[in-house]
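Undergrad: One structure follows; several queries about it will come next.
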Amino acid sequence: MESNSSTNEHTGRGTMWELERNLDQPMDAEAGRLRNMYREKTYPTLVLLQLAFQSLGVVFGDLGTSPLYVFFNIFPRGIEDTEQVIGALSLIIYSLTLIPLVKYVFIVLRANDNGQGGTFALYSLLCRHAKINTIPNQHRTDEDLTTYSRHTYDEKSLAAKIKGWLEGNEIRKNVILILVLFGTCMAVGDGILTPAISVLSATGGIQVEEPKMRNDVVVIVSVVILIGLFSMQHFGTDKVSWLFAPIVLVWFILIGILGAVNIYKYDRSVLKAFNPIYVYRYFKRGKTSWASLGGIMLSITGTEALFADLSYFPVQAIQIAFTVVVFPCLLLQYTGQAAYISQNTDHVSHAFYYSLPDSVLWPSFVVATAAAIVASQATISMTYSIIKQALALGCFPRVKIIHTSKKYRGQIYSPDINWILLIFCIAVTAGFKNQSQIANAYGTAVIMVMLVTTFLMVPIMLLVWRSHWSLVILFTTLSLVIEIPYFSAVVRKIDQGGWVPLVFAVAFLIIMYVWHYGTLKRYEFEMHSKVSMAWILGLGPSLGLVRVPGVGLVYTELASGVPHIFSHFITNLPAIHSTLVFVCVKYLPVYTVPPDERFLVKRIGPKNFHMFRCVARYGYKDIHKKDDDFEQMLFNSLMLFVRLESMMEEYTDSDEYSTRELNQAGNANPRINGINTSSNMELSYTSHDSIIQVQSPNHTGNSQLMSSGQTYQTVGDEVAFLNACREAGVVHILGNTIIRARRDSGFLKKIAINYMYAFLRKICRENSAIFNVPHESLLNVGQVFYV
């Protein structure tokens, strides 16, 4: 006692603190069995070529349909002289070379999150290398996942200083979060505008054959195609995706050949546009040339989608497809169009269709429309993935997510988002009725996302790649020198349609930030109000209640401690289940958590308390199944834990020895949890208060079987007891918590919490639907939190 007293005096902490620390230790030992084994895949040459071919239909559709509308948006008021066309072509050539080819294909694509691309993938990388995640639900045990790749830094290195600078201030964390959310919102705007401009431009070919046809007819045809496209989304693309790559390949071959023919047929002098001096001469023409940058930038639309749609293709495959097929065919087409326009300046609108021979006009129209649909499908799927990532990281209200393919995990569909996209897409198409204003809106969205990517690449290069600061400055400077002029050009056209993506972005940004803010405040309150585990165990094996047959799964966002909602529950009800499992379902900044690493299980308190904690970890690409997989996997992990724990207690050797035994014993699921029972050994409670023979699971109604306070002579007895509890019934206990702002809170906080967040919670899906909890097994416990 004297030793304990002196220790407490020295540490300045009481005995309850020491007991709490022993009772609810982090799952270091459990997660320590999982090792980082991620390796980048290598592919044989033939497989790589096949993947490069398949990537054409997913990644490059948007970029490939740009020739349909670029030149018309560069010269909406007509062309003054041929020199103007050559200068614009020169800008297109070097924009395609510097941004899609150099910046994205050979640099940004390397900043992928284990094969995942996009704004949230960059954010996930940053969250793993620096503690900038504003919801602090991660623990060092998560770093042992095979998909959780990260670096350690020398304390004196520049990367360590940058890391400390980012982590040292909440404002900096929020700035990065807002930047990511803004880029995400602009990408969602891209998903609205791409189908509108691609389909409208493709169907515009009808007017070439029928010049007297009114523009309203083209708009109606485009709207019908868009309705059909969005109505088919719930079927998924798995059954028709095999058509995408051939369609887009035929499209690229078509535009490449036609471009080469037009160069030879009309004006080979346009080839001098490859001389960069014509870029300088173009800008010398004055404000008109600067204003046309918005149209020129449309030649690189789809570049950001190239990064966001990275999911299923290795970087090498995309590099091969772009350099061998996409890049040369686009250069030929733009050069061929310039050659045609220089000789037919009055045909700048629908220049692609006008430059076609009459014999291939309608076949080209069919292929162009099909390519536009494929390009639209790629951006729509990208939008679903972006929303799913935002939802997983607590930045978007809960919406329904459906798997549309058993073969490809990333092919998902969200009916709520789908119909929102359809409504906005039809509104944009029917509201503007012409390419010019939609193009201004499209250009604004694209350049905003590119700027966000540039700014996020700075910490990525410093922390993840650990590049020299001079290379970071060089990359950032060259990127901004190209992108800022484009940005300045589209800003001037905000009143001519450029305001559309800004309105979309602001609306989505407010929704996402308010939801994230409310989620953060709720998590902080639960952390501060959690119940001491020492107090719970002080109630005794029965927790001061009647222990009734069955298993209670108590869902909580906390990976340690007992949630306040549980104390609220046992305070108001006189009974609790014989077996309690505190289930924490959390998402991590990784694209996926392998199923055999998903669950961490440990025992809370002595065996006669029958209390466990289970942490289920998911990545932003993972989705809960609709069947009983989650519950079955949870119980399998629990049973395996009990067996392996018993085996560990038979040995007194080193941890290394017990780990080897665990891996041998758990060959059915060898990567699941190691065990940490040391905390139980330090308790004053005994695990052998009474020994009661476990009866057959068929006698689940026997109160002696389900009574609390019993322990077991063999591990089989406890397994039988757990099975009997499960057969008696599983109840899912969820907290239906409502957060309200305190009376002394500011006006904005009251609006955000009491009205906006409350409204979003009311219209979004319940947790029970997300976890696929059967209604008859659900028990909601409600209470109000004031934050």
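Just so it is clear, glycine is given a Cβ too, placed from its N, Cα and C backbone atoms.
Nobody curates TrEMBL annotations by hand; they come from automatic prediction.
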Undergrad: According to TrEMBL, which of these ranges is transmembrane segment: 535-555, 598-618?
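TA: That would be 535-555, per the transmembrane segment entry in TrEMBL.
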Undergrad: Do at least three CB pairs under 8 A connect the transmembrane segment (320-340) and the transmembrane segment (471-491), leaving out pairs fewer than 6 apart in sequence?
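TA: Contact between the transmembrane segment (320-340) and the transmembrane segment (471-491): absent, because fewer than 3 Cβ pairs are under 8 Å.
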Undergrad: Where among 85-106, 175-197, 242-264, 320-340, 497-515 do we find the most Cβ pairs under 8 Å to the transmembrane segment (217-235)?
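TA: If we count Cβ pairs closer than 8 Å to the transmembrane segment (217-235), 175-197 scores highest.
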Undergrad: Express the predicted model's confidence over the domain 'K+ potassium transporter C-terminal' (549-784) as a mean pLDDT, rounded to an integer.
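TA: On average, pLDDT over the domain 'K+ potassium transporter C-terminal' (549-784) sits at 69.
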Undergrad: For the transmembrane segment (43-65), find every same-chain residue at least 6 residues outside the stretch whose CB is under 8 Å from a CB in it, and list them.
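TA: Distant contacts of the transmembrane segment (43-65): 100, 194, 198, 201-202, 241, 243-249, 251-252, 255, 300-303, 305-306, 309-310, 312-314, 316-318, 320-322, 324-326, 329-330, 368, 371-372, 374-379.
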Undergrad: If you count every Cβ pair below 8 Å, which range out of 85-106, 175-197, 320-340, 497-515, 535-555 shares the most with the transmembrane segment (441-464)?
TA: 175-197
Undergrad: Where, among 320-340, 360-380, 497-515, 535-555, do we find the most CB pairs under 8 A to the transmembrane segment (175-197)?
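TA: By the under-8 Å Cβ criterion, the transmembrane segment (175-197) pairs most with 497-515.
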